[in-house]
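Copied over from Swiss-Prot:
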- 96, 138, 142: Fe cation binding site (BINDING)
- 139: active site (ACT_SITE)
């Protein structure tokens, strides 16, 4: 397994619309394994392939259990996801491995139902709520070239741009 480089905002790569996966082979399995290792090493709970430079419609989510540990057997590998159903709305404070050090509330669907494939091309259906639903929406947005900062109000977006400018001027201040 290998640690992959996470691409940071404002890289144009993050705006790429990812392509559907048709080949479920050992290369894909290795990419998924490398993505999980990278996500865990970066202390994230989700990672879309485009965040490591792979324009493929796949993502992983590994929420920690109550003990705070992200168990490998809980890792969701979601390939070629499609929303089947969405319900309600909630505000949730989000962050992103591609936008380090910035957290802000974003409006999301409260519940989602998706259809996807696993690493073996088996079709699955998943119903999710709360943090899992938010993480799924956040990562699927990445597959469509959308970042959570795109969903901010004008005021919050200006705050983000200002913080980003400060961080770039003074990179050590926010680590």
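Note that Cβ sites are derived from N, Cα and C of the backbone, with glycine treated the same way.
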* What count of other C-beta atoms do you get within 10 angstroms of the C-beta of residue 138 (Fe cation binding site), across all chains shown? -> 24
* What does DSSP call residue 142 (Fe cation binding site) in the simple three-state scheme? -> helix
* Taking the mean position of the Cβ atoms of 96, 138, 142 as the Fe cation site, which residues outside that list, in the same chain, have a Cβ no more than 8 Å away, listed in sequence order? -> 46, 48, 51, 94, 97, 98, 139, 141, 147, 148
* Structure fact -> Spacing of the two Cα atoms, residue 139 (active site) and residue 96 (Fe cation binding site), in whole angstrom, works out to 9
* Asked: Which residues in the same chain, at least 6 apart in sequence, have a Cβ under 8 Å from the Cβ of residue 96 (Fe cation binding site)?
  -> 9, 102, 138, 147, 148, 149
